[in-house]
Amino acid sequence: MVPPRPVVHAAVFALAALQALASDTFIAAVYEHAVILPRATQETVSPEDALALMNKNMDILEGAIKEAAQQGAHIIVTPEDGIYGWVFTREAIYPYLEDIPDPEVNWIPCTDPTRFAPAPVLERLSCMARNNSIYVVANIGDKKSCNSSDPSCPSDGRYQYNTNVVFDSEGKLVARYHKYNLFRQETQFNYPKEPELVTFETPFGKFGIFTCFDILFREPAVVLVSELQVDTVLFPTAWMNVLPFLTAVEFHSAWAMGMRVNLLSANTHNIRMSMTGDGLFTPGGAAAYYYNSKTEEGRLLVAKLSARPRLSPTYPPAVNWSSYATSVKNFTEDSTFLGAVRRDIFTFSELKHEDGNYTVCQKDLCCHLTYRISNKSNDEIYVLGAFDGLHGSVIKYHWQICTLLKCKSTDLSTCGQPVETAQTKFDMFSLSGTFGTNYVFPEVLYSDVQLAPGEFEVLPDGRLESKNSTSKPLLTATLFGRRYEKDLKHPLRNSP
């Protein structure tokens with residue numbers, strides 16, 4: 001259907017206005033929040049008690065939003081579960097939910113709070129954005145009534161969704177996203193019937209949004225970047241760190257580099273559950289990041305980013321992730337052994353010399369490593385590892401991983417177990433693999449779970465290389481590949 005001419009004129013005018021105001025850079029903020037949790041109970045609280053808890057968390061978030069605005073930030077992302085936490089059954093979370101309308105209704109809750117059903121959380125978030133002239137991204141819960149004519153309607157007559165909302169600097173609701181890939185413990189929420197591809201335009205770039213576990217799957221994460229060409233991804237998360245490959249700052253920085261896009265990652269902070277690590281990540285590495293597993297404090301991060309990284313002269317070139325590895329003959333392959341990284345069985349080879357060339361293969365994946373160690377600690381062992389297969393106990397998805405990895409001890413059976421400290425530095429390393437995918441994410445992690453921004457590079461032929469000797473002892477250098485087409489069908493998504 002062709003829209004009426006006034007609508008066309010309005011759309012053209014709005015686009016022209018955006019282009020006129022367009023900026024090459026913008027200031028972004030993320031806030032890692034130590035969430036005030038509800039009492040551990042299965043009982044349903046009153047709406048008044050639910051709102052009281054949410055207001056306590058929003059008091060803290062409002063302080064962070066004000067501080068970000070004072071530092072010139074145009075947008076701030078707050079964490080998944082950042083307003084009410086995660087200790088809920090399906091029934092117990094209901095008083096915390098609001099009915100969030102489609103952004104097409106053109107609504108500013110701060111100035112028109114009674115237009116829809118009571119929504120005090122939406123109203124307060126809208127006012128935070130409006131009063132501070134900043135885009136605000138938050139994670140709350142959405143409820144939608146359904147009836148028996150809908151065959152997938154839950155027995156309690158409603159859908160409940162883990163939901164992100166975005167308010168612009170005037171307080172208008174401009175985006176709503178229902179999380180598509182729920183973590184298996186999120187039984188309080190429903191799966192949307194289809195993945196939502198949510199984008200919105202601003203004077204400082206095109207934005208997309210998804211939540212936490214979504215980042216590991218093709219939909220919506222890859223589609224937003226590869227097909228819809230967003231400049232920046234907004235990423236509320238409640239990420240439980242899992243060494244050696246899935247620590248928040250490690251994987252999120254790698255994903256931004258592999259997808260060549262900005263990622264604004266805001267994590268919850270709860271050291272008992274290993275939740276920490278957020279950052280402002282770019283195609284060239286971390287602009288700013290925070291990881292603290294020792295104290296209960298959250299953190300506000302603010303940094304200037306490229307609004308349209310694809311137009312930047314420093315935008316990284318496309319990478320053929322298997323080019324180098326498939327063009328060389330296998331290096332010397334010493335004896336290999338099997339070891340577990342959680343439940344995944346890797347093929348490992350011990351690095352027995354101060355320098356050398358190694359190849360390790362598993363199924364379709366061969367990993368090549370050239371290295372030179374500068375000061376090897378006698379009580380530390382490193383291995384080259386390869387994994388090519390399905391990961392996950394319930395939701396199974398396909399990984400291809402090449403990794404230079406420090407073992408937990410000199411006992412080879414500990415290779416793959418979590419370790420946070422190291423003493424050995426490398427003069428150089430070059431890692432590559434015969435990946436069957438273009439979606440590969442480069443990770444370099446130093447001792448004490450520190451990133452290495454600016455100290456490594458990815459060459460167009462798929463080699464992950466150190467630029468100089470490592471400035472800190474190395475925990476792992478990894479190429480983390482995802483073969484989305486080999487994922488198994490999701491076993492839970494269609495269940496109520």
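Positions of Cβ are set from backbone N, Cα and C atoms, glycine also.
No curator has checked TrEMBL annotations; they are predicted automatically.
Per TrEMBL, signal peptide is recorded for 1-22.
The domain 'CN hydrolase' annotation in TrEMBL covers 40-307. In the predicted model, residues of the domain 'CN hydrolase' (40-307) average a pLDDT of 96.
Shown in sequence order, Asn139, Asn162, Asn164, Thr211, Cys212, Pro236, Thr237, Ala238, Ala266, Thr268 are the residues of the chain, 6+ apart in sequence, with a C-beta less than 8 angstroms from the C-beta of Glu80 (active site, proton acceptor). For Glu80, the entry in TrEMBL reads active site, proton acceptor.
Around Lys179 (active site, proton donor), the same-chain residues six or more apart in sequence whose CB sits under 8 Å from its CB are Tyr161, Asn162, Thr163, Asn164, Glu186, Phe189, Pro192, Phe210, Thr211, Cys212, Phe213, Asp214, listed in sequence order. Taken from TrEMBL, the feature active site, proton donor covers Lys179.
Here TrEMBL flags Cys212 as active site, nucleophile.
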Other C-beta atoms that fall within 10 angstroms of the C-beta of Cys212 (active site, nucleophile): 26
